[in-house]
Amino acid sequence: MGDNEIGDEEDLSRVKSDVGRWHVFYYGVGHMLNDITSSCWFTYLLLFLADIGLSPRDAAIVMLSGQIADGFATVFTGELIDRFGHFKVWHGAGSVLVAVSFSSVFGGCLPCRIFSTSSVVETTSYSVAAAIFNMGWAAAQVSHMAMVNCISLNSTSRVVLTSCRNAFTMVANLSLYAIALVVFSVITGKSHADIQNQYRWIAYSSIFIGCCFVGIFHYGTKEPRLKMSIHGNDHMRISWAYWFKKALYYQVGIVYVLTRLVQNVSQAYLAFYVIQDLHMAQSAKALVPAIIYISSFVVSIMMQEVSWTGQRLKAYFSIGGILWVFCGASIILLPSNMKVYMYVISAFIGVANALMMVTAVSMQSVLVGLDLNGCAFVYGSLSFLDKISCGIALYVLQSFQSGASPVAPAADGGLSSSGYVSVTRYGLGLVPAVSSLVGVGVTLTMKLHTHSGSLTKPLLE
């Protein structure tokens with residue numbers, strides 16, 4: 001037996017075993033820059049654009065342009081990773097682009113200072129900055145997600161890596177809202193310049209924190225060699241048609257897209273809801289999301305202690321989906337005089353988000369299995385559908401928002417005297433609830449087969 005074959009067998013044996021705690025940690029922090037900037041993007045972008053004077057439709061165009069650029073970039077990046085590998089190179093390049101471009105999204109309209117301050121120039125400027133940011137974001141996301149399957153063949157280890165990644169997503173979001181709470185308390189947004197200054201400080205602080213963790217990831221994570229170890233030829237790749245013939249690809253795709261739709265749409269309208277519908281204090285823009293991510297963080301850590309099978313993935317996702325249905329109904333019906341209960345609802349939303357996201361991403365790993373030379377395409381193509389569907393959903397909701405006339409709340413603190421339900425309530429309550437319900441229905445039809453030899457005990461003991 002040759003030395004290369006011995007090395008290949010050693011690599012294969014290693015990746016079938018459990019992944020150590022430090023390797024889990026180093027991998028988990030690798031998406032922090034993407035997560036903290038994404039949280040700022042979905043939580044504050046529409047609010048920021050509305051505060052500086054853009055119409056809801058123009059704000060939706062900015063959001064949609066970024067989502068479309070992100071969607072196409074994920075497919076392009078996934079194809080190149082499957083062909084040439086080098087996960088860390090793509091991750092590093094994408095992270096650099098994110099760090100450089102994100103400040104422009106919240107940094108004001110530079111062309112407006114040079115040419116004019118027309119709405120067309122302003123919308124175009126923010127749309128271009130959003131597109132550049134999202135292309136870098138896509139490269140970092142696809143490379144980081146696809147890396148899981150090449151780090152380990154152990155099904156439980158893959159879920160634990162995903163769970164750790166999700167836990168640090170919560171850390172990133174909490175960091176953002178801590179920064180936002182301080183900034184909104186210290187800097188008063190009385191003018192357009194003050195508002196831009198607020199969000200500029202939030203953006204710069206987010207970039208700094210995220211870049212620190214990207215450095216830790218690249219220091220502690222080695223480039224996966226599993227593709228070569230299993231296939232013997234890193235240029236062997238699986239065609240797209242292979243995945244399109246698998247029913248599980250469409251099932252997992254629907255579940256993942258709906259899960260991302262739940263989280264992104266709800267996050268985009270949360271700040272609007274607590275301020276405009278419930279009339280809570282300005283600090284609620286940071287406190288309510290913080291509660292969501294604290295509960296998500298706790299659940300994500302607890303999920304690392306579970307031995308995972310296909311049935312458990314389906315069961316945990318279903319629990320999270322049903323929980324979101326009840327939360328969505330509560331959001332639609334909650335009157336402003338009972339706004340204190342939003343803090344309770346937000347805790348349950350956090351639990352539901354963690355259960356759904358960890359299991360939905362882990363289902364992608366089950367779909368990939370040992371077909372590692374096509375894993376980046378799977379993540380890229382499903383992310384493409386995620387970004388496009390989310391962009392269209394937000395555009396449609398914002399279009400209705402621009403055509404809706406504001407209705408004053410009823411004197412008793414109810415929804416309104418005419419029974420009017422705002423578009424914000426539909427965006428935060430109805431859309432996630434329906435998406436969760438459909439996702440649960442699709443999940444129940446899946447046949448998930450995990451690798452049996454590795455599911456005898458939890459990874460972290």
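Even glycines carry a Cβ here, placed using N, Cα and C.
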If you check TrEMBL, which stretch out of 89-114, 375-400 is marked transmembrane segment?
89-114
Considering only Cβ pairs under 8 Å, which range in 126-147, 201-219, 286-303, 315-334, 341-364 makes the most contacts with the transmembrane segment (248-274)?
341-364
Under 8 Å Cβ-Cβ from the transmembrane segment (201-219), and at least six residues away from its ends along the same chain, one finds 26-27, 29-30, 32-37, 40, 44, 88, 91-92, 95, 98-99, 102-103, 105-107, 168, 172, 175-176, 179-180, 183, 187
